[in-house]
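These notes are about the structure you will find just below.
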Amino acid sequence: MTSSPTSSDSSLEEEKFLNPEDVEECIPPKELEMMIEEKKVGTLDDFVTLRWYCMLVLLMAELTAFTATASSKVMVFAGATPTVVGCGGTPLNGCHELAAFRNGTNDCVPDLKYQFKSVQVEFNYVCDDAKKVKNTITVQTFGVLVGAAIFGQVSDTFGRRKALLISTLGNAIFNWISAYSPDLFYFMVWRTLAGVFTGGVTVVQMVFMVENIPRKDRMWIQNSITWSPNLILFPFVAWLCHDWRTMSVVIAAASIATFFAVFLLEESPRWLIQKGRLDEARKSLIKIRKTDRLYDETFEKQLDEVLHVESEKHARSSKKAKKYTFIHLFCTWKMMAQSLTFVSGIMCTTFIVYSLMYNMEKLSGSLYWNLAIMGASRWIINILVSIADYRLPWFGRKMINQIAMVSTLLALFIMAVYLYFGYDGQLMAIGTVAAVAMCSQLFIAKYMMVNELYPTAVRNLAVSLVSTMSRIGSMFSPQLFYLSDYAEWIPYAVLLGCQFYDFIVLSIFLPETKGVVLENHLPPKNKRIFGKRA
């Protein structure tokens with residue numbers, strides 16, 4: 001597989017644009033750089049302002065963020081296992097007493113206690129049978145993985161806007177169909193197909209937003225319009241829905257709203273320029289300028305100059321373009337160690353987060369409040385870390401990882417010991433919220449290190465690899481808590497081991513990357529393991 005622009009934030013750093021086939025005038029590179037530095041010629045960023053059009057982009061971004069959050073986290077509620085409190089009117093306490101009461105002869109209908117009417121409740125999958133519903137989460141997550149791969153390519157080939165329109169419409173259709181599933185099999189099929197389009201939404205929405213907002217405002221906007229604040233909103237929506245069928249319809253409605261929000265927007269001018277479609281880019285930028293009420297008679301002349309400069313920039317960079325594959329991420333012993341550390345680490349992080357989230361119905365307290373508090377905690381921590389990263393030069397990416405890992409280790413250790421001695425209660429809910437909230441920093445810091453550590457030539461490939469492996473880590477998380485059938489503390493001990501491994505390998509193999517000068521090229525061939533074959 002060869003390198004291609006992927007739908008990730010890192011692709012924006014390179015700012016490579018395709019030139020039209022015929023460029024009449026060629027500006028020498030040094031003269032071009034001097035013109036830009038002296039502001040004789042503007043840049044594309046000069047036309048992106050935080051005004052009316054950007055407000056429409058942010059509305060779209062919030063709708064897509066909520067749609068992606070709800071579609072990805074729906075099984076926290078729709079797959080919540082109910083508690084057995086009786087059978088045929090006879091009070092019982094849990095599955096063990098139910099099995100003893102039935103004793104192979106009594107066919108009574110279990111009495112269930114639940115906060116949300118999940119698939120298990122409606123189709124009567126209780127106790128061991130409830131695992132069948134949990135197993136469908138793995139299949140659904142595979143659909144998200146496939147969708148992310150497909151729509152990443154669709155976005156790069158056919159455009160961000162088209163990819164979002166298709167993915168939001170498909171997500172709406174299959175979520176709506178899933179609301180009328182007659183049994184678990186059809187629910188799994190429709191949810192998996194919905195997951196394919198959910199993967200498209202998650203991959204494309206962020207890059208489309210980033211390409212249409214001012215560069216200086218990207219950080220605070222990305223920290224504000226993200227999954228964490230929507231994790232606060234989503235439990236409230238779930239509480240209003242109360243059952244999985246209504247929730248599926250609401251997610252479909254949110255996807256339709258997102259579809260119309262995207263429909264109102266123009267295709268990303270950056271993508272159009274990248275593909276050499278300068279006339280279309282020109283029309284889009286004029287429409288955007290008119291929406292912002294900043295259009296005047298001098299704008300089109302300035303725009304033509306900028307488009308010409310952007311064409312020249314890529315005309316020079318495209319001549320030096322080379323083909324790279326995933327093999328190049330492992331072409332030296334140092335890069336191999338770093339790549340394996342990132343891959344295994346992100347798998348551990350997603351495994352921890354989703355294992356805990358898919359087991360939240362067993363925690364004391366409200367399922368809705370626990371998830372809302374988790375989202376609020378993540379959002380607050382994100383903001384505090386962003387401030388610390390900006391204010392404190394010594395507060396680097398590696399330190400963020402290590403602090404978050406130590407905090408997660410402490411939370412998991414306390415929960416494992418607590419259960420080992422037979423206790424249970426509110427402490428488990430507090431520990432779960434703390435662990436998941438701190439793991440959110442691992443996602444942010446790890447991806448930041450990937451962007452800062454790898455050379456420009458393979459940076460997109462590195463992000464693509466880490467993103468893919470993160471989804472694989474979440475695929476098998478629902479099955480972890482099957483080990484609680486043997487002892488309640490074992491799943492937490494497994495998660496503790498995963499986090500400890502991640503802490504050790506990151507501390508040994510990854511350097512601090514904050515403030516480093518980004519590399520553009522791979523090491524010379526004589527330093528590579530595979531030599532010229534790489």
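Each residue, glycine too, has its Cβ placed from N, Cα and C.
Where the annotation comes from TrEMBL, it is an automatic prediction and has not been curated.
For reference, TrEMBL has these:
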type	residues	note
REGION	1-20	region 'Disordered'
COMPBIAS	1-10	compositional bias 'Low complexity'
TRANSMEM	50-68	transmembrane segment
DOMAIN	57-514	domain 'Major facilitator superfamily (MFS) profile'
TRANSMEM	163-181	transmembrane segment
TRANSMEM	187-208	transmembrane segment
TRANSMEM	220-240	transmembrane segment
TRANSMEM	246-265	transmembrane segment
TRANSMEM	326-355	transmembrane segment
TRANSMEM	367-388	transmembrane segment
TRANSMEM	400-421	transmembrane segment
TRANSMEM	427-445	transmembrane segment
TRANSMEM	489-510	transmembrane segment
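Here the transmembrane segment (50-68) does not touch the transmembrane segment (427-445). Their Cβ atoms form fewer than 3 pairs under 8 Å, with each pair 6 or more residues apart. Same-chain neighbours of the transmembrane segment (163-181): 7, 64, 67, 71, 147, 151, 154-155, 187, 190-191, 193-194, 196-201, 204-205, 208, 244-246, 248-249, 251-253, 255-256, 258-259, 262-263, counting only residues six or more beyond its ends whose CB sits under 8 Å from a CB of the stretch.
If you count C-beta pairs under 8 angstroms between the transmembrane segment (400-421) and each of 187-208, 220-240, 326-355, 367-388, 427-445, the highest count goes to 427-445. On the 0 to 100 pLDDT scale, the model's mean across the domain 'Major facilitator superfamily (MFS) profile' (57-514) is 85.
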